[in-house]
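Positions annotated as active site by Swiss-Prot, on the basis of similarity to another entry: K214. Feature annotation from Swiss-Prot assigns NAD(+) binding site to A5, I6, Q7, F8, G9, G10, G11, N12, I13, G14, R15, G16; the stated evidence is similarity to another entry.
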Amino acid sequence: MGKKAIQFGGGNIGRGFVAEFLHESGYEVVFIDVVPQVIESLNKNKSYEVTEISEEGEKTKTITNYRALSSKTQEPEVVKEIATADVVTCAVGPNILKFIAPVIAKGIDAREEGLPPIAVIACENAINATDALRGYIEEHLDKSRLDTLPKRARFANSAIDRIVPTQPEHAGLNVRIEKFYEWAVEQTPFGEYGHPDISAIHWVDHLEPYIERKLFTVNTGHATAAYYGYKAGKKTIHEAMAEETIHKAVHAALDETASLIISKHEITEQEQKEYVKTIISRISNPYLEDVVERVGRAPLRKLSRKERFIGPAAQLAERGMKFDALLGSIEKALQFQNVKGDDESTELAKILSEKTAAEATQQITGLETDHPLYQPVLKVVEKVQSVSK
């Protein structure tokens, strides 16, 4: 029997990043989704194209050997597929992990003895997303068999990095995506079984440096460009980065996060400098045509405690280091309100208009009132509220 991977989420990241590399490593991919049109389209079309974009030009790959099931209407079939699969991956968004956990738990419980444990890897823009998914899965597992879980499933955190820009209107299943990618995954959880054979993955012993470097450089920089760009009326990230004041604001924020990364991890100043240079070049890429509203969407998640702004700024504040530029990013993110098609931006506007500055600061950022970052952020919230009212 050939290798089989279950991919929760048939969206652009699922099709254009995860499934691309699973396909290239010889896996049959079974997509699991809840959107009928996505499932129908995947089952009707026996192939789709992934076009990698770079300054050198474009390269198109054809993806085949996949199927799709609905976790909403075909749960028994999904459970059977998981019970006989080698790998489960997901790209559904951190807030959706708790909803996919019950069916994964049923699939793990249905695995026959003697099969090697299934590899579970969450591919989300969040720190330790697989740990979070595992927690939700364990809530739904047969409690009498929890002690045998390591024989049935192994869970590994990952750090993913690839920009998927706004897609052309009638792209269908085809995905346009940047050529650059990084997919780092912990190898230690697999122990004596060894990690699955996925050639695109960079297997590492310690993931935190990769996760923090990526989240606090790529995501911090990308979102800073989006929020400054939105406020300045720019259409794309490329247009935003072409304006000197925005370019400087992004660079300043990344200088601050770089100082944290260098002081905390075994990454040299020169290494991080080169990494920042690469990231700024990537997000400035004119060929990606990345719309600021897409990159800025979900501001409440992006302003949360462990995320790309508050996360590094809080650690810098704890160390007595500079975080002024990040406060500027936070201010612009707070101004991303009532954006069409983005529920979180509407909710953000509601919180800022209805709550006191102290209530809003705690609800949005999760900062403790005695934290050294709390007062500076409170002042930013007060400033944004005074302008909004």
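Every residue, even glycine, has its Cβ placed from backbone N, Cα and C.
Here the features listed in Swiss-Prot are placed on the structure.
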{"residue": "A5", "record": "NAD(+) binding site", "DSSP class": "strand"}
{"residue": "G11", "record": "NAD(+) binding site", "DSSP class": "coil"}
{"residue": "K214", "record": "active site", "DSSP class": "helix"}
Cβ-Cβ neighbours of G11 (NAD(+) binding site) (radius 10 Å): 18
Largest tally of Cβ atoms lying within 10 Å of a Cβ, found at which of the binding-site residues A5, I13: A5
Neighbour count (Cβ, 10 Å) for R15 (NAD(+) binding site): 28
Residues satisfying Cβ distance under 8 Å from K214 (active site), sequence separation of at least 6: A159, I160, D161, E182
Protein Cβ atoms within 10 Å of G9 (NAD(+) binding site), excluding its own: 25
